[in-house]
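Over in TrEMBL, the protein carries these features:
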type: ACT_SITE; residues: 354; note: active site, nucleophile
type: BINDING; residues: 132, 241, 543, 586; note: Zn(2+) binding site
type: DOMAIN; residues: 41-615; note: domain 'Neutral/alkaline non-lysosomal ceramidase N-terminal'
type: DOMAIN; residues: 617-780; note: domain 'Neutral/alkaline non-lysosomal ceramidase C-terminal'
């Protein structure tokens with residue numbers, strides 16, 4: 001191409017080159033057509049930090065009031081893709097390392113996008129989905145029932161999500177370039193089990209016989225390939241809960257799906273770019289940030305020790321707000337002209353699917369829990385599922401994450417089916433509190449039933465084997481008990497119509513009819529279909545069980561493939577994106593609902609909830625294939641101005657007399673040598689992480705000595721091997737410490753290292769001052 005342009009330039013200034021100029025222009029035109037026709041789509045991917053407050057805030061997912069954030073396992077991110085026809089429609093999909101999407105977050109993100117891009121990105125074509133980690137800060141949803149344990153609305157949790165989602169979409173938009181998309185799917189057998197098998201067995205035997213497993217074992221992956229840069233990302237959907245980290249964990253974590261995304265992005269940095277740039281990794285195959293750093297003279301351990309002893313811990317010192325961003329490992333590795341590789345592990349119909357694959361056992365006896373009720377001696381509190389790394393939840397998270405990562409790599413490398421066809425979408429709002437649903441009778445004919453205002457059953461309070469509840473609740477309870485009915489009635493007594501509508505669910509909380517101080521639960525929900533050629537995403541605002549998801553997918557696929565217009569054939573791929581655009585808990589089948597385990601008790605809108613979804617998605621699918629519009633529906637309320645927050649703000653930070661923020665409180669032993677696989681621990685005098693989230697930065701850093709006096713970032717708090725733990729001696733104490741633990745990876749190079757801490761302190765008058773400090777140097781042999 002450059003040679004062609006050079007020839008045009010040459011002949012343009014040559015009096016005798018007029019004919020050649022025109023020939024060259026014709027060639028250029030033909031070349032341009034060839035480039036455009038190479039791809040059907042414009043593709044763009046983006047990623048941004050959404051790690052919320054790492055202190056004092058209740059975590060979202062387990063509804064455990066005692067699970068309060070106090071550090072970071074690894075960072076959370078919003079990952080986005082945009083697919084557009086060059087002269088046509090476009091769709092946006094955002095995958096959040098968060099428990100679920102929030103209606104309020106979605107509303108505010110769309111407002112920002114409209115302010116920036118007009119009607120290019122709206123609620124119609126933007127989907128925002130959560131991976132369902134139970135280890136992220138809560139307080140960002142707008143309905144009361146989801147804000148109780150977080151002491152109300154947490155503005156910091158909310159803002160970092162809205163900001164991060166917007167920035168990830170902006171990145172994706174600015175990265176839009178011609179490219180191709182490939183789809184692949186395959187089975188992953190050892191990353192999921194059904195945690196409510198007794199409910200699943202209540203589904204018709206004839207239906208169950210159609211499926212080999214009682215959970216969906218299939219992973220579906222999209223591979224994004226830029227025409228110039230090659231592969232730039234992948235998004236996949238696979239069903240397993242984000243509950244490898246337990247209900248007692250206090251470190252912010254993306255759980256198994258967040259870990260898988262981190263593993264795959266790092267894998268691509270190490271391996272995926274070799275074919276396009278041999279300088280990106282060292283001769284040892286290690287990522288660029290590891291190789292070519294330590295000279296060969298450092299092979300001598302004695303020389304390393306001698307060098308390390310000359311670097312003692314540095315006292316805490318002032319730092320700039322951007323210093324931790326500048327020292328961040330992955331930020332420093334990005335090539336300015338090339339988009340970074342983005343890999344997302346998305347959630348689908350995970351309602352009854354657990355990553356704790358060893359099964360559920362009683363903590364007192366070690367025996368399996370009761371099959372029907374998941375109890376131990378009648379108590380649900382003693383029944384816990386075990387992950388593959390039991391009893392180490394970090395190891396279980398790593399293993400389940402790695403299993404998803406390895407399957408995704410396999411699908412990524414073998415993906416060959418290219419997406420072809422239109423980009424399109426349909427979206428509507430539905431009031432699920434009183435929706436008429438037409439059901440086909442077994443013997444013929446039909447009947448009309450209705451959904452109900454939202455309500456939660458007694459078994460909801462029992463929790464699951466991933467995170468048991470408290471008191472004397474148990475799963476499989478279709479009766480309730482008199483004491484808790486009295487407690488319920490203090491809040492709201494359901495009337496007979498609601499009781500009959502929700503039957504056989506015994507109502508514990510009549511949330512759909514509780515309006516003080518504002519709505520306790522959603523009534524209006526968004527449903528959405530996104531289409532990219534033969535690939536279709538169903539955006540659902542809840543957690544579908546395995547069989548519910550199968551029924552919905554099959555119903556929509558039947559509408560698409562039987563349309564007769566030839567657009568959708570046997571190669572049509574339909575995936576469910578769970579926990580998308582808002583959250584409305586679970587969707588069990590009618591048969592599972594009768595059993596009233598946790599998932600059935602948490603199916604808010606009554607026994608016909610799934611039938612309602614199927615009916616409305618069939619309408620969307622029909623409109624999609626016929627090119628017809630759908631009614632927008634009445635949008636849900638924006639409750640931002642009604643939010644209440646009871647979380648105590650940070651008043652000030654302090655250190656003991658003679659100590660600075662960033663000073664080392666507990667250093668590595670003098671003349672230390674650590675082997676790979678061992679743990680290095682350093683404690684610093686610190687401040688509350690809520691003062692500055694250090695977005696796109698890091699609270700913790702491992703640096704490696706290059707030459708005699710240059711420290712190179714190697715690992716930060718977005719690495720699985722580095723843990724940032726924050727603590728204070730008492731709840732109201734202004735003093736705090738940061739403990740940084742580095743589990744030395746087997747891939748680490750021998751050399752001299754040190755650990756560094758970044759933070760921001762708050763003065764009595766509210767001023768924020770950033771600081772940093774570092775440990776003494778030590779040797780890794």
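Using the three backbone atoms N, Cα and C, a Cβ is placed for every residue, glycine included.
Given the structure is predicted, the values throughout are model-derived calculations rather than measurements.
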Most Cβ neighbours inside 10 Å, all chains, among the recorded positions 241, 354: 241
Shell list (Zn(2+); ref centroid = CB of 132, 241, 543, 586; cutoff 8 A): 347, 350, 351, 353, 542, 578, 579
Integer Cα-Cα distance in angstrom, residue 241 (Zn(2+) binding site) to the residue listed as 'active site, nucleophile': 5
For residue 586 (Zn(2+) binding site), nearby residues of its own chain (Cβ under 8 Å, 6 or more apart in sequence): 351, 542, 543, 544, 545, 598, 599, 600, 602, 603, 604
Residues that sit under 8 angstroms from residue 132 (Zn(2+) binding site) by C-beta distance, when 6+ apart in the chain: 61, 99, 100, 241, 242, 255, 257, 347, 350, 543, 578, 579
PLDDT averaged over the residues of the domain 'Neutral/alkaline non-lysosomal ceramidase N-terminal' (41-615): 94
Count of other CB atoms lying within 10 Å of the CB belonging to residue 543 (Zn(2+) binding site): 29
